[in-house]
Amino acid sequence: MILWKSLSCFSFVFGLLLYSASFVCAGDIVHHDDSLPQRPGCNNNFVLVKVPTRVNGSEYTEYVGVGARFGPTLESKEKHATLIKLAIADPPDCCSTPKNKLTGEVILVHRGKCSFTTKTKVAEAAGASAILIINNSTDLFKMVCEKGENVLDITIPVVMLPVDAGRSLENIVKSNAIVTLQLYSPKRPAVDVAEVFLWLMAVGTILCASYWSAWTVREEAIEQDKLLKDGSDELLQLSTTSSRGVVEVTVISAILFVVVASCFLIMLYKLMSFWFIEVLVVLFCIGGVEGLQTCLVSLLSCFRWFRRFGESYVKVPFLGAVSYLTLAICPFCIAFAVFWAVKRQYSYAWIGQDILGISLIITVLQIVRVPNLKVGFVLLSCAFMYDIFWVFVSKWWFRESVMIVVARGDRSGEDGIPMLLKIPRMFDPWGGYSIIGFGDIILPGLLVTFALRYDWLANKRLKSGYFLGTMSAYGLGLLITYIALNLMDGHGQPALLYIVPFILGTLFVLGHKRGDLKTLWTTGEPDRPCPHVRLQPQSS
């Protein structure tokens, strides 16, 4: 069907262009920024700070701020943080000695024109136990020391709040209410169960897609052998039909992928906004509907109750021949995608996003094929360099990681682009999500599905084939990605940096050891005996 093929190609390009690195999407709570000045007394890491408040003794709101490069470190547990009364500075910027007397209160000040260290020293000299600085915008600014300043004598914590949080507290205090608060910076757990589930989700997606792809190819091969044995004229028609919905990656397209994907990523980076995210949501819904419909139709067709509807077709204007089963399932898929798009800001929306995403990935891995190891090597090598460049190297040109900024949607006011699988971090005091980009599943998955197709066509057992090795290599590479993620305090990691060497290395080593490397590299299919040979009588 023409529409199905065009949507399949769209799904492939869409899935590849919009993939991102694997990283925790809660906002890094620890920033090791070596580009900003450090010296004794001014070498703290930038950490996010929780500020739970009480108004007249009742729990109110919890705000989030950021700590300064200087001053003492904060407690990591709420039970150890002291509940302290909040006071407003007079003058508001605290650049000169406050008129009001302080006896251990936390002082709320405006950013003003003097340095952060100056106002901190003034507040400390006036008797403040901590200082909250209201920023001029909703962003959190990194508070550093000025050149030549002596900060060794600063002994009170310094925290910056966004302007909306600061003004809210200021208005409450001005209304003569008694505001008390705590300051603490909880640490993230070394491992969150969300990462385990995300690992299982990624591995399971490739596993399902691989067996579906291999089963389809084997059925085509069996049917082809049967027609060839019978000498049927339907052989040519079968070859044309079987390849109609398949997109084969070539060396040229693998190389062009890096160029096109890089241009698209820069466009996303420059044009990122609320409305641009809305466009991406619409595109994701289109791909998700196609993927979910394809998966459901194929799954239900395995049951005899639905098989008859899946094999009966009706002509639909502009669409061509469509099965009755597809017509019945399509409205449900559209309704599901629309429901997710409308409710995507809710806490449970990640479930719908993952269902649509997994369906899209499985469909792409079913219709897109790597013909041989040579193409797979070029594709993964290009993606390997692409991932590293846009996660790490781009920081030197753009002063921030382009890949991570795009994936998190930092400039859009949204939670990030929808082309991600994500699971909420269940035991993380900061919340957020563990996420993985589509490309970190699709690109390695293309080579894993290729390995299983080769094994089935060559009648190899699981232990003697290549699928078990490549599948294990992917799982191990992804596991090391999460280890690196935790070692780097949640900073974004290019998953392909760890996955690609494992997968390619496994295929090359096993192929060389078993003598199949030349076949894997060139044809990508094992030599199979012609059915006619078995039918020829032996000459006496």
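Cβ atoms here come from the backbone N, Cα and C positions, even for glycine.
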*Looking at Swiss-Prot, is D455 on the same side of the membrane as P72?*
no
*For the transmembrane segment (373-393), which stretch among 196-216, 271-291, 432-452, 490-510 has the most Cβ pairs under 8 A?*
490-510
_Stretch of maximal Cβ-Cβ contact with the transmembrane segment (465-485) [cut-off: under 8 Å; candidates 196-216, 271-291, 322-342, 348-368]_ = 196-216
*If we count other C-beta atoms within 10 Å, could you say which of the active-site residues D387, D440 has the fewest?*
D387
_Distance, D440 (active site) to N135 (N-linked glycosylation site) (CA atoms, angstrom)_ = 38
*Hey, which bits of the same chain come close to the topological domain 'Lumenal' (343-347), Cβ under 8 Å, at least six residues off its ends?*
281, 353, 415, 418, 424
